[in-house]
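Read the structure below first, then the notes.
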């Protein structure tokens, strides 16, 4: 076989699967395509001696050694046997129908007999029309189709030519022989099935008694005594006509006409284009109507009963439908399936060159802060949608995984004073978020703190025992909390109508000022916007981030059990949701997860949240917590002016070594309210001393930006605010640690407890 070496195709003869398809594609670039079929090695060697002139240029050639053997030894014997069987059944009396009984003087069987020469459609005419009509139509249609497709460039749409046994069979000859051969075989099969049913049933035709001429006198009994006759009492001279009168069900004219009409109609539907809107329906309806008329003439001329004709239509149409769909593949070219398979096996280079399949690369670094924040917020949506674009069967495509895990973006947001942005919200299908309205009543806060103090005293020993437990195996977790000035709204399964850019991520291990050599972490108090209601956004646990530690699992079970018991009572008391969450944490204890490093700092989120009165209109600072900082961007930016007392700058003050823990207090909202009772515990005195140190500094307008890099974590509880880090600081909720600033003589000192002033020009970098 002459190989198309100009295209770099491999010269193997027996190739299967994707190798054969690539060989065809490569050889087509050089002007010819050499197709090989399974087991085609012998035919390829026989065709190796053919010169290039013997092969038509620009034609698709397929070598096969199974075409002629199958045709000679399988298809022709089957067709010949069906023709021979039909001959014996139709033209000889070798097989006779059974003798079925009839009633005496039955009027339905006494219709006049019409000679074959007087029939509207004789049997020979039926055979000629049923065989020759569709066969000629198919051959003419294939010739026109071949001429039209041959004029196209590179013969697009043509089936490959077959080179078998040194003979070249073009697509016209192959398709015509295949379609006409199946049609002839279908007609023979339909006639055979009809004859077998007729011989088996022996139902009489409407003219049976006319040609039979029964001799009722030969019976032992009269017709009045026994009206149903099963004996052969026919006295007619023409036995052939009498036997034909016993083969009425089903009608042979109806079956053959229905088969021919349905088969040729399917051919027209598959091969004709939609260029002419009326030509295809015209041809289809013409053949269908001809078949129906052919069957109805058998009823009008008393050759068959109506039920015989209707059943013949069903039998012939069913056989034609089966052969048209499964024997000839609905008359579609066999190359279509190969082209579809080739598209699925395209190489990676072809996919890169195809603009419709190019995967858009993600730019991980950005100099613009807003664009970077929006990219973080929309990462889950992009990662989820990118997976659907990579599902291509049987395609060897190397998928580059993203740099960060997908679908694990747990975030912390303190958005009480954050500006609103008109960016599309990102719905996370995993977390279920809720926004709960918090009360602003200072008297109520004082009453709750008194109750917590009494409950905390009784559980101090149990909490100390939990503090000494060994470290859990759960990785650090992230929390998501949202404090907003919007009205109370609750959303389940991500159905909350809030801007998506207000969800940021924080990891306490990256907070500046945390010294690993010290036992505690920094203290931060965040002031709320004046006159705003508080919305605290607490996510439930995610499905993929669940710790497998035995101790953390037991703590989680304790937390969930307590939450179920206290939901009803908390709602009945009409307490704020954030107060209920903190109360549960004080009652049930803390979810313990000690850091791996014994000297690792700990940041505890306590429940001593105080409320800011609605009449306080002092200026408030803006704290912005951002996640995922880039390498080329500063981690912490604190605009400040000068250092010193009253400068208004934020400072991270290291704790005293005598203190075991420090507190990361959120939303100290009631600094101007009436004094509350201080809880006296083992940690309260140290924190109160640190609070008095900072009481003389004033807080001015300023924006503090804290950018921290989150790490992948696992959530333990559904409504917890505690996170743990292995080496860095940990944000945890302690039930026995409640820090309340002392009462100051002046409102200004009370306001600035836990605060350091900030100024709009200084920036710290980690």
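Just so you know, the numbers here start at 1 and follow the chain as drawn.
Cβ coordinates are placed from backbone N, Cα and C, and glycine is handled just like the others.
Annotated in Swiss-Prot:
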| type | residues | note |
| --- | --- | --- |
| COMPBIAS | 743-752 | compositional bias 'Polar residues' |
| CARBOHYD | 215 | N-linked glycosylation site |
| CARBOHYD | 220 | N-linked glycosylation site |
| CARBOHYD | 269 | N-linked glycosylation site |
| CARBOHYD | 363 | N-linked glycosylation site |
| CARBOHYD | 433 | N-linked glycosylation site |
| CARBOHYD | 456 | N-linked glycosylation site |
| CARBOHYD | 515 | N-linked glycosylation site |
| CARBOHYD | 545 | N-linked glycosylation site |
| CARBOHYD | 570 | N-linked glycosylation site |
| MOD_RES | 37 | phosphoserine |
| MOD_RES | 347 | phosphoserine |
| MOD_RES | 386 | phosphoserine |
| MOD_RES | 439 | phosphoserine |
| MOD_RES | 462 | phosphoserine |
| MOD_RES | 474 | phosphoserine |
| MOD_RES | 608 | phosphoserine |
| REGION | 454-494 | region 'Disordered' |
| REGION | 634-654 | region 'Disordered' |
| REGION | 672-701 | region 'Disordered' |
| REGION | 742-766 | region 'Disordered' |
| TRANSMEM | 68-88 | transmembrane segment |
| TRANSMEM | 120-140 | transmembrane segment |
| TRANSMEM | 179-199 | transmembrane segment |
| TRANSMEM | 248-268 | transmembrane segment |
| TRANSMEM | 277-297 | transmembrane segment |
| TRANSMEM | 309-329 | transmembrane segment |
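Taking the features listed in Swiss-Prot, we show where each one sits on the structure.
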residue	record	DSSP (3 states)
215	N-linked glycosylation site	coil
220	N-linked glycosylation site	coil
269	N-linked glycosylation site	helix
456	N-linked glycosylation site	helix
Which listed residue (215, 456) has most other Cβ within 10 Å, given these are glycosylation sites
456
Find the member of 120-140, 179-199, 248-268, 309-329 that has more C-beta pairs under 8 Å to the transmembrane segment (68-88) than any other listed stretch.
179-199
Going through 120-140, 248-268, 309-329 one by one, which has the most CB pairs that fall under 8 Å from the transmembrane segment (179-199)?
248-268
Cβ contacts of residue 220 (N-linked glycosylation site) (under 8 Å, same chain, 6 or more positions away):
none
Given residue 215 (N-linked glycosylation site) and residue 269 (N-linked glycosylation site), what distance in Å do their CA atoms have, once rounded to a whole number?
55
With Cβ-Cβ distances below 8 Å as the criterion, list the same-chain residues six or more beyond the ends of the transmembrane segment (120-140) that contact it, or say none.
176, 179-180, 183-184, 187, 252-253, 256-257, 259-260, 263-264, 267, 287, 290, 294, 297, 300-301
For residue 269 (N-linked glycosylation site), write down the residues of its own chain that are at least 6 apart in sequence and whose Cβ falls under 8 Å from its Cβ; none is a fine answer.
280, 284
